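Take a look at this one; I'll ask things after.
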Amino acid sequence: MRGKIVRAVSGFYYVQTDTGATLQCRARGIFKKRGVKPLVGDRVNVEAQGTKEGVIVEIAPRVNELTRPSIANVDQVFVVLSLIEPELSLYQLDKMIAMVEEQNLPLLLVLTKAELPGAIEVFQQIEPVYRAMHYEMIALSLRAGMGSERLTAHLKNKTTVLAGLSGVGKSTILRFVVPGADVAVGSISEKGLRGKHTTTFVELYQTEHGFIADSPGFSQYSFESLEPDQIQYLFRDVKSEALHCAFRGCLHETEDGCAVRNACEEGRLAATRYASYRQILQEVKDAKNRRY
């Protein structure tokens, strides 16, 4: 019997079979001996033991595998941040885009709370910057019905991961696309307007035409395993301008005559994007110095 792992908790794997049933399964011991751990999103073969339980006997080859969150066979990522309350951080937006670029996955930028005063003005200011890099961006307000059709259209026949800080509306999106789903919605604390995180494990929910999951841990993703000269490749605009840089091995920081610096000074590269690149680059350099 074939199916997909939709949840993993304390050594139990909940498999939604192709017939629509959900079985609570253990994995065969051979997987542990081989150093293979079943992941949410895995396509598996299950031997049923009664009507509610089973044993995973085979894991199909994975298309891809994420570590934060631990999930396999992802088609795309929705980067979710709020335009207002909490105030949009372009550094956080750029950092999450870079995280997805490092995973080599398609992404959609979903900016929530578009109904709040001043939100659309924020969206209109930044949308041209990201559109120029061929990122699609949605201003979303489920309360006002804004952007909901575009959102659901992107889910069709896809396994989608929601990535973003808590309190920005990920759980609200889940409840919208999966009516009746038992998803806790985080509240916003007044101090700092930061969300209270409510999701502690990965779970796939079936939508009308695909699967969707929240991603606890994605915002804690680290670039520390990368070398400083790799960061430019996670920024499409920086990478494009770097092609014209005459300096071999240039990190595009303080070098006079650097093509990337010139592009920023001349307005071809957004100053906010260049600042995000410099900040992530410095974090990677600091991490490397700590290692050595």
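Glycine is no exception: its Cβ is also placed from the backbone N, Cα and C atoms.
Automatic, uncurated: that is what TrEMBL annotation is.
Pulled the feature table from TrEMBL, pasting it below:
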DOMAIN    63-221  domain 'CP-type G'
DOMAIN    72-219  domain 'EngC GTPase'
BINDING   Gly164, Leu165, Ser166, Gly167, Val168, Gly169, Lys170, Ser171, Thr172  GTP binding site
BINDING   Cys245, Cys250, His252, Cys258  Zn(2+) binding site
Roughly how many Å separate the Cα of Cys258 (Zn(2+) binding site) from that of Thr172 (GTP binding site), to the nearest whole number?
44
Compare the C-alpha of His252 (Zn(2+) binding site) with the C-alpha of each of the binding-site residues Gly164, Ser166, Thr172, and give the closest one.
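Out of the listed candidates, the nearest Cα belongs to Gly164.
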Same chain only, sequence gap of 6 or more: which residues have a CB within under 8 Å of the CB of Cys250 (Zn(2+) binding site)?
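Sequence-distant Cβ neighbours: Ala242, Cys258, Val260.
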When you average the Cβ positions of Cys245, Cys250, His252, Cys258 for the Zn(2+) site, which other residues in that chain have a Cβ within 8 Å of that mean position?
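Everything else in range on the chain: Ala242, Phe247, Leu251, Glu253, Glu255, Ala259, Val260, Arg261.
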What is the average pLDDT across the domain 'EngC GTPase' (72-219)?
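Within the domain 'EngC GTPase' (72-219), the model's average pLDDT equals 88.
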Any idea what the Cα distance is from Thr172 (GTP binding site) over to Cys245 (Zn(2+) binding site), rounded to a whole Å?
44
Between Cys245 (Zn(2+) binding site) and Gly164 (GTP binding site), how many Å separate their Cα atoms?
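Each residue's Cα considered, Cys245 (Zn(2+) binding site) and Gly164 (GTP binding site) end up 33 Å apart.
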Can you count the other CB atoms that lie within 10 A of the CB of Ser166 (GTP binding site)?
19
I'd like to know which of these binding-site residues, Val168, His252, Cys258, is least surrounded, judged by other CB atoms within 10 A.
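Counting other Cβ atoms within 10 Å of each of the binding-site residues Val168, His252, Cys258, the minimum falls on Cys258.
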